[in-house]
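Residues annotated as domain 'Cation-transporting P-type ATPase N-terminal' in TrEMBL: 103-176. What TrEMBL records for 152-178, 184-206, 349-371, 848-869, 875-896, 927-947, 978-1000, 1021-1044, 1056-1073 is transmembrane segment.
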Amino acid sequence: MTRSPAVETDLEKDAASSHAVLLVNGDRNLTPASSTVQFHHSSKSSAASSAPDVFLASNPRIERVDSLAIQYRTISHQLTYPKDAQADKHGNQDDVRYFEKLEFHKVDVARLCQQFNTDAVKGLDDRAVKVRQERDGLNTFTQKRPSYIWKILGYLFGGFCSVLWIGVLVFFLCWQPLSSPPSVINLALALFVMGVIVLQASFSAAQDFATGRVMNSILNLLPSECVVIRNGESLKTSAAQLVTGDVVLLATGNKVPADCRIIESSGDVRFDRAILTGESDEIEGSVDKTDESFLESHNIALMGTHVTNGHAKGVVVLTGGRSVMGRISNLTSNTKEQTTMIQQEINRFVRIIVVLTVFLAALIFFAWLFWIRVDHYSFINLVGMLNNVMGCVVAFIPEGMPMAVTLTLSLIARRMKDAKVLPKSLATVETLGCVNVLCSDKTGTLTENRMVCTSVGFIDLELDAQGLQTLLASSQPSPAAQELHRAATLCNDATFEPSKDPLPPDERPINGNATDAAVLRLVTKVAETANHKQDWKLVHAIPFNSRNKWALTMFESQGSLTGPEKGYQVYVKGAPDVLAPACTSYWSAADNAIRALDDEAREAMVLMQEAWSTKGQRVIMICSRRYVPAYPLKSNKFSEAVARDCMQELTVIGLLGIMDPPRPETAKTVADCRRAGLRFFMVTGDFELTAAAIGRQVGIITHKETMSFADVDKAVAQTTVVAVAPRDEDEELIPAALVLTGKQISECKNEHWDVICRYEEIVFARTSPEQKLLIVNHFKTRGSIVAVTGDGVNDAPALKAADVGIAVVSGSDVAIEAASLVLMGNFDSIVSGIRLGRLVFQNLQKTIGYLLPAGSWSEIWPVLFNVFLGTPLPLSSFLMIIICVFTDLLCCLSLIMEKQEFDLLSAPPRKAKKEHLVTFKLYAQSYLFMGTMMTIIAHSMFFLYMYKYGGFTPGDLFFAFENFGSTSSYTADELTNFVNTGQCVYFVTLVILQWGNLFSIRNKRLSVLQADPFRKERRNLWLLVGIAVAFLIAVFVTEVPAIQSVFATAPVPIEFWLYPLPFALGILFMDEARKLCVRAFPRSILSRIAW
């Protein structure tokens, strides 16, 4: 049959807009052979791959769903979800249908190749690949591109900048047309404030760019290369270039580059899906369907998983965002970005300052409008009033604070990087310090994601690897130990990869499944294995499979101790429950002889197995027997007879306990986190028994008894039902350990979560990605600050939704993309991150406490004195900005370098709803205590100068208004020069007084004598650098003629550089006295209001 051109065109148009109309569309299954399949095979099979591909584009309706709601068993259990799940219902239904309708795993290989218009032997040709790449795009995940316009607008108009832009506009208006002739100083102020805004924006943008560049350098969203068959030839290509219908070759050690249907495999191919499921168990690959679900069937190799054993050939069925990993990645990208804790605190502070600024500006405006303009009309005109209003704005807003915050976070972020913690966002740094709930994945995060043989046992003897090594190394080696060592070596498919460097067994890379790799490392460490391989020749093997749950190897001795007549040596390993019924004897380590397996021996074996299982170990039994075949070697009847006869009359050699052990640092990390006041929970996709056992080993579970869902249900029945509300941070926790499974989580209602979220210790097992997300959301809803750690794709949604998502650098690329922090080193680096997160909050408080007295409080009073008391303006707007953005900023940066004043991990996490960055206590310290002293001293210096050099008494200056200097013989220019110099005196006084504040604010409780900046424990020589630079800036601003002519500054007499020095020491002394009272009388009122 030949196609008509018209039909071909229509179909190709359809292909451009609809992917997998036959297979992927949510409303249709496989198209009947009577229609489409016949059309596909109208030409010869050899041309199949070159025929236009029309059936494999993605359904756009399904592509646009907003959220993923796959419910997993290992990948997805629970296709039905609780009513209180906080997700988009329409999106959930579409996504579930998406995977329910996929039938790639159900059809036979020939039909699959027909539907994908590919050849199982030759693969696709170049033309088909090009068409599909143009239609479907690259095999990569679509990353959400940041809106650069909004980012730039945020940099320029966020925080205080929006108010400062109003100042820019007003200064421009005061330049012209309101001033005649145009006022140059107002133009200069407008440009200067614009420069401040641009400087702030540049700081933020530069830090974001630098952090983003580092993150992009560690992201590698797909395996770099894969082997694909095209045009009948095998070639290496970038995984991003794969298309649906490509035939790929998978081998041990490969990362699966796309979702593939296996069409050929070695009998022992295995996949590690831990990155998707969180389970440490591997699955066997299969050509045939093993489950009705696409997600569960073993003939589907999922993108991002690893081939741990064997090899296979597969047809690519889903790529990029249409794959399972892509769908989960889409879920994380669709999660709304959250405001971090420090951003919330800064926004709160900005709102308070802006409200106070607007209030004061309005007060000045109305005072001018209804009083000064009427009674003192020649004192302040419209331009003067606007200048005063803007002076109020400039004075009360600490312009340097945004840059100080950015630099503080940046420096702590660098310290975190040195501690092997990489923050993607500077604002996330502080949030880690106030986390009070940490939910951690198990496999690969708490554990090494590497199976290790930790226990060795005979029926009558239990020992470890060291004990086995002792038995083998003695002058008279134990025959039982020798037999176990030989059996474990020979009944093993794992092999070490060739290496030029002599590495210990624990560090050498291994080809083979995780269980065999663990056994191989054990036998290699305890004794030499080469002689076993030389003395015995493998003649037959039956690989492990999920139906038999055992593996068998048969050997012939090179020394003719065995053979067809004498029999072969058979070793079998597998699950004890499966092999035990076939065993009749056992090797006794006590007697070094074979004994009958009686009831007592069986009971001992069962007890050992149960004890190891409760520790989270997978128990493997190794058995042996002699076998004399009745049929020729390698004949069909021989294979059938071996499988039947060798599962009888077995001798138990020994048991091995294998587990994915906790990382060496995990237990201490958990203990440190708990000491820091965090509740440390485990959230894993692994089995309940394994999860609970690991939880006990690392200290997540410390109570002897564990509670279950039944206990939660009982507590709910005894509790009055109330609406969900944020949990009181002081609410008493339930001092017990709780273990819940994914199935039980799906049955939980809000009342259950009210109880669950109060438990002190929790292990969540067998959880799906969406259940992990649900857990995070429930804890957040009830007021907890939640951090999530993980390394797998299944962790990504929860990582994205958490207040702090923490990925392990060795984990999946999707997890790293979703996280806000990346652990570049050991797991214990998270403790350093928490400590630094708390330190940044402490140092930010010190920074703000330093900025507010001079940069806000002492600057607003000159404006108020000028407007309401009629004095000349003691401090100009330009000098206010210099203090905020330059002299104070450079000094406060030295506070960023401060070390912790006390052990930050011994204190509980910050209560985010009560303990704010800027509290009433800090306002009182900055404004009423330090700020008031500075204001009085600075005004005194201003009045002293005016009296000493101009002869003006305070009585001449107060309430002078427009009459200032009218009774004197000074010209207008001379009066202006007096005021300009007086303003510079006020400015210099504040700069020097801040030095006393700098040494004072660095300690909350300790005296400067206890924690001076010179001794090693709290050394901070940057304080001296900050003081020196601030002094030089003050000299530059007051002494440079160009600055004097443009911004109306003037030289300061030398004595007014010296007068403030003892007052700076006095300020330090006053705060030292306050701290002494706080330490001496911890229950006094002064102590209660101390910041």
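Backbone N, Cα and C atoms are what each Cβ position is placed from, and that goes for glycine too.
In TrEMBL, annotation is done automatically, which means it is predicted and not curated.
Since we're looking at a predicted model, the values are computed, not measured.
The helix, strand and coil residue counts that DSSP assigns across the domain 'Cation-transporting P-type ATPase N-terminal' (103-176) are 44 helix, 1 strand, 29 coil. Listed as Cβ neighbours of the transmembrane segment (848-869) (distance under 8 Å, sequence separation of 6 or more from its ends, same chain) are residues 349, 353, 360, 364, 367-368, 372, 380, 388, 391-392, 394-401, 404, 875, 880, 883-884, 888, 891-892, 895, 917-918, 922-923, 925-927, 930-932, 934-935, 938-939, 958-959, 986, 990-991, 993-994, 997-998, 1001, 1091. Per-residue pLDDT, averaged across the domain 'Cation-transporting P-type ATPase N-terminal' (103-176), gives 86. The list of residues near the transmembrane segment (1021-1044) in space but at least 6 beyond its ends in sequence, with Cβ under 8 angstroms from a Cβ of it, reads 879, 882, 886-888, 890-895, 897, 984, 987-988, 991, 994-995, 998-999, 1002, 1013-1014, 1050-1052. Contact check: the transmembrane segment (927-947) against the transmembrane segment (1056-1073) gives at least three Cβ pairs closer than 8 Å, residues 6 or more apart, which meets the contact criterion. Here the transmembrane segment (875-896) sits against the transmembrane segment (184-206); at least 3 CB pairs are under 8 Å, leaving out pairs fewer than 6 apart in sequence. Counting only same-chain residues 6+ beyond the ends of the transmembrane segment (184-206), those with a CB under 8 A from a CB of the stretch are 151-152, 155-156, 159, 161, 164-165, 167-168, 171-172, 174-175, 383, 387, 390, 394, 399, 402-403, 406-407, 877-878, 881, 885, 1046-1048. Here the transmembrane segment (349-371) has long-range neighbours at 159-160, 163, 380, 385, 388-389, 392-393, 396-398, 848, 856, 860, 863-864, 867-868, 917-918, meaning same-chain residues at least 6 beyond its ends whose C-beta is under 8 angstroms from one of its own.
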